[in-house]
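J.: One structure coming up, written as structure tokens, with questions to follow.
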Amino acid sequence: MAGLGGEPIPDGEFTAVVYRLIRDARYAEAVQLLGGELQRSPRSRAGLSLLGYCYYRLQEFALAAECYEQLRQLHPELEQYRLYQAQALYKACLYPEATRVSFLLLDNPTYHNRVLRLQAAIKYSEGDLPGARSLVEQLLSEGGEDSGGENELDGQVNLGCLLYKEGHYEAACSKFSAALQASGYRPDLSYNLALAYFSSRQYASALKHIVEIIEHGIRQHPELGVGMTTEGIDVRSVGNTLVLHQTALVEAFNLKAAIEYQLRNYEAAQETLTDMPPRAEEELDPVTLHNQALMNMDARPTEGFEKLQFLLQQIPFPPETFGNLLLLYCKYEYFDLAADVLAENAHLTYKFLTPYLYDFLDAMITCQTAPEEAFVKLDGLAGMLTEQLRRLTKQVQEARHNKDDEAIKKAENEYDDTLEKYIPVLMAQAKIYWNLENYPMVEKIFRKSVEFCNDHDVWKLNVAHVLFMQENKYKEAIGFYEPIVKKHYDNILKVSAIVLANLCVSYIMTSQNEEAEELMRKIEKEEEQLSYDDPDKKIYHFCIVNLVIGTLYCAKGNYDFGISRVIKSLEPYNKKLGTDTWYYAKRCFLSLLENMSKHMIVLRDSVIQECVQFLEHCELYGRNIPAVIEQPLEEERMHTGKNTVTYESRELKALIYEIIDWNM
């Protein structure tokens, strides 16, 4: 008989070879050998049993269930195969089939308790929490032949899981913590406890257990290659082995990434995902795929949409997938796609969208065709949320008066959750008037919400923007921009470049030139330090600040100074020329050319020569820089040769020559 690689297996050695492969966890190779053997002896009980075991270990649960189905038909007297089939069906998320198969074992006292545990797990996975609780409590009260410490421990863990699903996170923490103390270190229990802490916003406690899982996994299984992908080491996939599953490393890294994302440490969240044991994309579990899509959306939106759309076709998928896909469609203004997905998946709407999220999405989609109607819908939603916020404010005050720490924490968490729902509604209302350039109305909307939002960074930032846009409220804008900048003053490049630029312009427009210069020196100094630490990294903050200041002077008609500032801001071109910086620069040039063509301004020859030289430099360095970042789901893509800084530089240079000849 031929073995792996075509080498013959000596007579009588086949079974030994298969068992050695299984002993060494080389299940895929064992499957290959067993598959060949079963083609010759399809009714072999040993072959089918080992094949089912290997498939189960490889987490190919549907294939394992098929093997046990065949064994059940060939050997109906051996009821363990019915149990194995039910377990494999459950793991494959085929819950109705698993329930049907397991019911036939309930009357067998040998398997009664194991079947009850399996049925409780099925009901839990289906979302039938009362049914699951009933079975768990039945198990705890009945006991059985395998009753005792282990059974009691499992029961307490199961109760912890039910408490978690019911939203009783503190009680769930107590159950998991007690179970962990009773059992000693177990990765799955540590993860459960970390998840419960995460859901109750105790991130430090959650991270403590996550770090323990990761460190334990690295020590016990260095072969899993934790962190190697982040370090740029080319490593092969470790596959979806049972060992990987037992370490809870994938779950721990996903939870750590979620915590970093919640804390707005987006780079750390992305790095956490690449730290997990390496697997091929087709091997990734749904949660990892979902998190990859979400956390890399800004850099790779097309890929992110593809992953979320793919997940929506899988059963099961992470429950957040449906809502996140719809929200991202709205963020990128694909309202038609959002409406189509809602219409095509009405059955998912009731299961995965809260009434709040459904109403919010409905209003966002309506914005495209009927902004006035959308505003009314959003106003209704905002009114409901403000009532909740006032009620929760009162609850917090009462709890503080009564010195009830538990009630204070609960009310404050509910308040924060409600505020996080209110802010997007408020911003969606404001955006309707922002798009109409009705900035006083936007300001009015924000002022109505000051009672709840005056400490919220997103609210303060947008108030600053709307004051800045009115051009006569620079002093008020400074009052909102300054705290944002000072909060991150020691790491100023963490602040958005446009915020720094707008603050500098506001200083200049209110004759606070010294403050503007001090801020610009601070930005320049930090950029120089960062360039020293990482010479290849492109940093645009100082450049964008200068571009915006140059744009301001151009807008005021001082093109000589404004254009000169724009040109100098992009030096050196290999580090400062990018899609964003080119956007600001070309706007100034287009404004300049428009005014020249209308004979409204006349530039000195030296300035024109400086402009031509600048565009020639952009032409040279802009060959591989997109002039425009295209929307991720556009069907008609721009011509790749035209969507470059080089192409647009040539167009602008040609226009300059045309206008100069015309003037002459």
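For all residues, glycine too, the Cβ spot is worked out from N, Cα and C.
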J.: Which is it, of 143-170, 507-534, 619-646, that Swiss-Prot names as coiled coil?
T.: 507-534
J.: Who are the long-range neighbours of the repeat 'TPR 2' (45-78) in its own chain, taking Cβ under 8 Å and residues 6 or more past its ends?
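T.: For the repeat 'TPR 2' (45-78), the nonlocal Cβ contacts are 15, 18, 22, 25, 27-28, 30-31, 34-35, 37-38, 84-85, 88-89, 91-92, 94, 97, 239-242, 245.
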J.: For the repeat 'TPR 8' (543-576), jot down how many residues DSSP puts in helix, in strand and in coil.
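T.: Going by DSSP assignments, the repeat 'TPR 8' (543-576) contains 28 helix, 0 strand, 6 coil.
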J.: Please list, for the repeat 'TPR 6' (424-456), how many residues fall into helix, strand and coil according to DSSP.
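T.: Its residues divide into 26 helix, 0 strand, 7 coil.
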